Structure formats: C-alpha cells, structure tokens
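A.B. asks: Quick one: structure below, then a few questions.
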Amino acid sequence: MSFPRGSQDRSVGNSSPWWPLTTEGSNGSQEAARLGEGDSPLGDVRNEELAKLEIAVLAVIFVVAVLGNSSVLLALHRTPRKTSRMHLFIRHLSLADLAVAFFQVLPQLCWDITYRFRGPDWLCRVVKHLQVFAMFASAYMLVVMTADRYIAVCHPLKTLQQPARRSRLMIATSWVLSFILSTPQYFIFSVIEIEVNNGTKTQDCWATFIQPWGTRAYVTWMTSGVFVAPVVVLGTCYGFICYHIWRNIRGKTASSRHSKGDKGSGEAVGPFHKGLLVTPCVSSVKSISRAKIRTVKMTFVIVSAYILCWAPFFIVQMWSVWDENFIWTDSENPSITITALLASLNSCCNPWIYMFFSGHLLQDCVQSFPCCHSMAQKFAKDDSDSMSRRQTSYSNNRSPTNSTGMWKDSPKSSKSIRFIPVST
C-alpha cells in the first residue's frame, strides 16, 4: 500500500472495504494511488480469484461466529445454575463477538460480493462507525473481564463490596467508551465520486485524510487504542495475577513443610486459642484458589487468542503507512489479505474456549436442542458418576466424630481450621 505525497487533502479507498483502518488496499489500492498521482487508473477491475477466496473465508467466519456465540448466550439463558460475575462478562463478550460478526464480517461479505459500496452516504458512515465500534467493544470487554479477575485474585475483599454493581458499571463503561471512540468514523468516511475506466466515474465509500500525516496519525491512533493500550493493560493485570498466585503457592508450600517438620520433632508451634493449637486447613483454601485459577486460565487463553488473531492485522497496518516502499495489491499479496481477514477468527474461538473451561455450558447448550437429548443424558450420567466418586472419596477420608488426635481432612471439607490438643 503506497500513499502518494504531495496533495494536501486526498480521498483514498478502503482496503478490501471491510477493513476500517487501512485506507487503500485490495479493492482500491491501484486506483487510489494513481488518482493521487494524477494518472489515469487501469480500470475498474479486481482479482476475482482472491475475491472469491475472501467471500468464502468471510462466509465461514460469519456462520461459525454466529452459531458459536448464539449457543453460548442460549446456554447462559437456559442454565438452571446460579449465574456468577464471570457468566455476566462471558455474556457481554459473546455479544461483542456477535457485533463483530454482524457489523464487521457481514458488511464486508456483502461489500466483496458487490465490489463497490451500494448505498447512500449516511449508510457508508454508519457501517464504518459500527465496524470500529465492534473492534473497540471486543477489546475493551476483554480488558474489564481481566480487571475483574485481577480484583478477585489480588484484592478478594473488594469482591464483597457490591460486586454485581461494580461489574455492571465496568461493562457499561466499556460499551459507552467503545461507541464514543468510534464516532470519528462519521467524519472520515463518506461516499465520494471516483474516476475509473479511462474517464468513467463511479461512487464508493472512501476516507479523506490530510496529507502527508493524516493517514499515519489515524492508523497509529487506531492501533494504539484498539490493540496496544488493551494489551498493555492486560499484560499488567496478568503480571500482578501471576505474582500473587506464585506468592500464594510458595506460602502454602512453606507452611506445609513447616507443619511436617513440627510433626516429626514432636514440637507444636503455632497460635493458641483456649489451650488448642490453631493451624490453617489448606484444603478448603486450595479448592477456592482452584476455582479462581480456572477462570484466570480461561481469561488468559481468551486474551492470547485475541493477540494471536489481531497482531498480524495491526502489524501490517502500521507497516503499510510507515514504510513508503510497502505496496499492497490483490495479485501480489493475497496472503496478507487473507491474514487480515482471519483476524475475525477471534470471535469464532471465544465460544469454544468458554465451553472448554466451563463444561456445564456445553451441557446446557446441548440440552437446549431436542435432537441432542441422548448426548445430554450422557453428560448428565458422567456428572453423576463424577459426583458419586467425589462423595465416596469424601466419606472414606473422614474420621469418626468421636476420634481424638489428628486426621486427614477431605479435599472437599468445609472446615477452614483444625484444632490439635496441646498439653499445657
């Protein structure tokens, strides 16, 4: 993609019109470059083979994203279990992914079929606004979800202070902020008249930038707001989360070793309460930490998928505007075009990540369809067998109520402390 210098204010086309960041590309790069230089365009043509591939890829992404995220929303709606804060964030992240499917992928699919934008000026501006709005919403919903995990792990006492209200406020803020930050699209894109086919004129939805710095400023700002800033916040939150978990595990390991050493020497060391030595029971703490760590792992995988899917797209965007020798055409760089299209795979991956880490969501989703009742019964049987094994293990590990001395608590024990008789 080359941006000719010299004009103060120039209209340029949208790269494979769906992509809201790039200003020239697969559908308009040759025309825009030549129009900016004052030359005649080669004609209103495009690489039809690449266009067919784009249409096929976008169609698959759209169907998979809609089915996957709709299934998650249906499972969350029909689940008989009590919904948690994490379920609330998953619901809104699924809504953001559906926004990507309907506001990004679907317009691009229609645009690739028609080649030129078919619609009035207001529709051009609305489509461009919604495309960037979906990108902001998906990124910022990940940020607030990770921030919630940071608060739950590093500041657990704050989760007792109206957690539902705080979660809803965080989610509402991300939606509103995404809408506001995407409004400049209304003033950048519009339907303008362009010249093709040796004098023939047509209309398309293009962007207008002040040269030479307008394009670079726009792409750099969008990359920073949609990708760089969220990744920095996500990385910082996960740095604190990992440090807190590591410190917690190290403390438990040291406490366990200290306890074993005291048993071997026959010495009792610890705080006293009414003639009894009080020691923390690690089992119940482990069960709570295990649940938190599972949600942290799920959020980490979602964030990793977001970075892996979107990083190539933003790298190409920055490369295209800062390297004057970079040229993007349909026939010469089909791999770059497809790599950009695959960025929306992130919206397809998220539903399966939810179901993998929350097995009951898959079960509730299957139960929503009458044709899958046999599979749902299999899930229910597996859950019943698993619960039976846990109850058997619990009863075998418990000591009779009239026993004295020490015993090994079951991992599912609700006791948080144990009392060891100490001679006084």
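Glycine is no exception: its Cβ is also placed from the backbone N, Cα and C atoms.
Look at Swiss-Prot and you will find 1-40, 383-416 tagged as region 'Disordered'. The compositional bias 'Polar residues' annotation in Swiss-Prot covers 9-30, 389-405. Annotation comment: Swiss-Prot describes Asn27 as N-linked glycosylation site, evidence class sequence analysis. Residues annotated as transmembrane segment in Swiss-Prot, with sequence analysis given as evidence: 53-76, 89-110, 126-147, 169-190, 221-241, 300-319, 338-357. Marked as topological domain 'Cytoplasmic' by Swiss-Prot: 77-88, 148-168, 242-299, 358-424. Annotation source Swiss-Prot lists S-palmitoyl cysteine at Cys371, Cys372, citing experimental evidence. Per Swiss-Prot, the feature phosphoserine maps to Ser410; the stated evidence is similarity to another entry.
Help me picture these features in the structure, burial and contacts included.
C.D. replies: Model confidence over the topological domain 'Cytoplasmic' (77-88) stands at 76, taken as the mean pLDDT rounded to a whole number.
Residue counts of the topological domain 'Cytoplasmic' (148-168) by helix, strand and coil are 18 helix, 0 strand, 3 coil (DSSP-based).
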A.B. asks: Considering only Cβ pairs within less than 8 angstroms, which of the stretches 53-76, 89-110, 169-190, 300-319, 338-357 has the most against the transmembrane segment (221-241)?
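C.D. replies: By Cβ pairs under 8 Å, 300-319 leads among 53-76, 89-110, 169-190, 300-319, 338-357.
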A.B. asks: Run the contact check on the transmembrane segment (126-147) against the transmembrane segment (53-76): 3 or more C-beta pairs under 8 Å, excluding pairs closer than 6 in sequence.
C.D. replies: no
A.B. asks: Can you work out whether the transmembrane segment (53-76) touches the transmembrane segment (338-357), with the criterion being 3+ CB pairs under 8 Å where the paired residues are 6 or more apart along the chain?
C.D. replies: yes
A.B. asks: Return the stretch with the most CB pairs under 8 A relative to the transmembrane segment (89-110), choosing among 169-190, 300-319, 338-357.
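C.D. replies: Comparing 169-190, 300-319, 338-357: 338-357 has the most Cβ pairs near the transmembrane segment (89-110).
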